[in-house]
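Heads up: the structure comes next, in structure tokens.
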Amino acid sequence: MTVLAFALDPRLRTRFNVLIINLAVADLLYCTVLQPISVDSYLHLRWRSGELWCNIFGLLLFLSNSVSIITLCLVAVSRYLLVAKRAVFARVFSNHGLILLLISAWALGLASFGPLWSVYTFVPQVCTCSFHRTKGRPYTTVLLFFYFFFGLGVVGAFYLLIYRRVRIASKALLRYRLSRRSSRKKPAAVDQETDDSGVESGPVKTCSSEMRSQDELDHNTNDINNEKSFLSTQNSATPDKSASDKYQAPAPTSATPSSGTSGDDNEFKRVTRMCFTVFLCFVCCFVPFLLLNIADKHNRAPQVLHMFCANLTWLNSCINPVLYAIMNRQFRQAYNVLLSRAAAPFLHLRASCQNLRS
């Protein structure tokens, strides 16, 4: 549904959302192709599709997982650059740069797990085709460390940087507004707009403008708006306002600073909750699998425990698009449109049946 929403709604076709779609495609590969075969092996407790398909299954399984982890890292990096260094984001995640990053993600996953083709086999502990626990070492150990431990650390580190950056910027913005209010000058209120990354850009720039003159502040905010228009990552569905509308001075009432601060606090909480949810789900899905494989070197743990931990990692493929897309207002609106269109024929049929009965 995320892919359909991206294809049907032009507003969703932004550079950041391309990463979300790449994540959805990687997870869709497992959910549509690999998951039904996994269910069959669970029901029969053996592999029934032949040795060749076992090799293909193992390769596609780890390819989808590796691309999913790489895309999670790209999402975390892009969110941080949107908050801290928008000019760098514009260069790295340009149209050509984004295509190169996506191709590199799939190529890296294929190059990493392709050499294991000869050691993919049916593993009774997880009741599915995977690489052999001993024949693939130490190469498989290096891959697990690189993708899971290093990937997990990168995602967590960048979301921590986002959290600290937004927290410092929010405090600086509050101090700036209080100082402007106490000086009894008419501040030029800048309406905060939120792009589809879920992170405000205004407070970050205000953090540096707190120690500048008013002319420099106006110049910087104009640069921000120009960059936001260039990136096309605005999350608001309303048309852009003119520069004069954005910089109208409000009446000097006591409600203005408090209402602006309240909006900033709500946005800060939403970003914090989203970052924490993504990181926590990533940890909960992959850490049990990693710890079990490290601790159970001699395969003495019960089969049901191995299967449970393996399914937790696969569960991450199912919830990744939900975590990133459901927290985006434009995706939610697109979902509502898709569901309404899908339900329209059934509602029409129901109405027709009721008319016939009456």
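Using the three backbone atoms N, Cα and C, a Cβ is placed for every residue, glycine included.
TrEMBL entries are annotated by machine, without manual review.
The domain 'G-protein coupled receptors family 1 profile' annotation in TrEMBL covers 1-324. Per TrEMBL, the feature transmembrane segment maps to 16-37, 57-77, 98-120, 140-162, 274-292, 304-326. According to TrEMBL, the region 'Disordered' annotation covers 185-219, 232-265. For 232-241, the entry in TrEMBL reads compositional bias 'Polar residues'. The feature compositional bias 'Low complexity' is assigned by TrEMBL to 249-263.
Below 8 angstroms of C-beta separation, residues 15, 18-19, 22, 54-55, 57-59, 62-64, 66-67, 70-71, 74, 92, 129-132, 135-136, 139-140, 143, 146-147 of the same chain, each at least six residues beyond the ends of the transmembrane segment (98-120), sit close to that stretch. On the 0 to 100 pLDDT scale, the domain 'G-protein coupled receptors family 1 profile' (1-324) averages 74 in this prediction.
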